[in-house]
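Okay, structure first, notes after.
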Amino acid sequence: MLGQQRYIILADASYSITAYNLKIWESFTTEIPTQVKGGKGPFICFVLGGPGSGKGTQCAKIVKNYGLTHLSAGELLRREIASNSEYGTTILNTIKEGKIVPSEVTVSLIQKEMESSDSKKFLIDGFPRSEENRAAFERIMGAEPDIVLFFDCPEEEMVNRVLNRNEGRVDDNIDTVRKRLQVFKALNLPVINYYARRGKLYTINAVGTVDEIFEQVRAVFAALKLVTE
Ligand SMILES: Nc1ncnc2c1ncn2[C@@H]1O[C@H](COP(=O)(O)OP(=O)(O)OP(=O)(O)O)[C@@H](O)[C@H]1O
Ligand SMILES: Nc1ccn([C@H]2C[C@H](O)[C@@H](COP(=O)(O)O)O2)c(=O)n1
Ligand SMILES: [Mg+2]
């Protein structure tokens, strides 16, 4: 077996096939560790999934229910654009193209937020988007995530959600969404596979109502109560 996949089993919401049919995930277990935090640093949960898979929506519910500090990489980059910083134009053009901003820029924004916060538990949304992102975080922060949530959603559903989002984002148009999906498959799925192999990945079926999806998230966090209290 190359990788380990953890599925959350609910009475009426179990499934075993991901929208991307990631083949290395062969094991099937209901086992969830009751204590995942052994080291000294803060608890870190990465939140991954394609564009429009519902990461931000579910993060808001996690914050409300479990009090983690939410850092959205995309929001930090958009804030940088809005503040006309030295990287603003480069970031804007990269986002319009559906591409990924250089890792040093994104990690430095995340680092600033983490280091200026008193929080001991972080929800890092939309990061890492690539192996380069992942390696830069480990190198600069000297830390790895404790767990990784993957919101697994079919492409058609993601496209519909993004095109109906109505938040005025420059990347919420069909051309950019198609490019973002290509980038997701080429660069982000390998990272998701990496965490599956490390036994850190929790796959959530991202189809259903917001509350139905959150029940799967709740099952993960309920089992992790030692670190989230
Ligand atoms: N379960 C759901 N069913 C239907 N619509 C949803 C669901 N979850 C979220 N949405 C809607 O889909 C859109 C995208 O959701 P959200 O912004 O949370 O996705 P995201 O994964 O953060 O996307 P991005 O990577 O582009 O930031 C939003 O308009 C949100 O209200
Ligand atoms: N690690 C990241 C996260 C985000 N970006 C850029 C590229 C994304 O398309 C855009 C929006 O992010 P989202 O709000 O959808 O999470 O921000 C990046 O380059 N690197
Ligand atoms: Mg988002």
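Cβ coordinates come from backbone N, Cα and C, glycine included.
Remember, predicted model here, so these are calculated numbers, not experimental data.
TrEMBL has this to say about the protein:
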- G52, S53, G54, K55, G56, T57, R165, G208: ATP binding site (BINDING)
- R78, K99, I100, V101, G126, F127, P128, R129, R169, R180: ribonucleoside 5'-phosphate binding site (BINDING)
- N133: CMP binding site (BINDING)
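What TrEMBL annotates, mapped onto the structure for a quick look.
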residue: G52; record: ATP binding site; Cβ contacts under 8 Å, 6 or more apart: C153, E157, M158, V159, N160, R161, V162, R165, V177
residue: S53; record: ATP binding site; Cβ contacts under 8 Å, 6 or more apart: F151, D152, C153, M158, R161, A206
residue: G54; record: ATP binding site; Cβ contacts under 8 Å, 6 or more apart: F151, C153, R161, A206, V210, I213
residue: G56; record: ATP binding site; Cβ contacts under 8 Å, 6 or more apart: S72, D125
residue: T57; record: ATP binding site; Cβ contacts under 8 Å, 6 or more apart: V210
residue: R78; record: ribonucleoside 5'-phosphate binding site; Cβ contacts under 8 Å, 6 or more apart: I95, R169
residue: I100; record: ribonucleoside 5'-phosphate binding site; Cβ contacts under 8 Å, 6 or more apart: T94, R129, S130, E132, N133, V183, L187
residue: P128; record: ribonucleoside 5'-phosphate binding site; Cβ contacts under 8 Å, 6 or more apart: F46, L48, S103, R134, A136, F137, V191
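With all protein chains in the displayed structure included, the most crowded Cβ environment within 10 Å among the binding-site residues K55, R165, R169 is that of K55. Neighbour counts of Cβ atoms within 10 Å were taken for the binding-site residues G126, G208; the minimum is at G208. Closeness to ligand 1 is met by G54, R165, these being the binding-site residues among G54, I100, R165 whose Cβ falls under 6 Å from the molecule. The secondary structure of G208 (ATP binding site), as reduced to three states from DSSP, is coil rather than helix or strand. Highlighted here are the binding-site residues (K55, G56, R165) whose C-beta falls below 6 Å from ligand 3: K55, G56, in sequence order.
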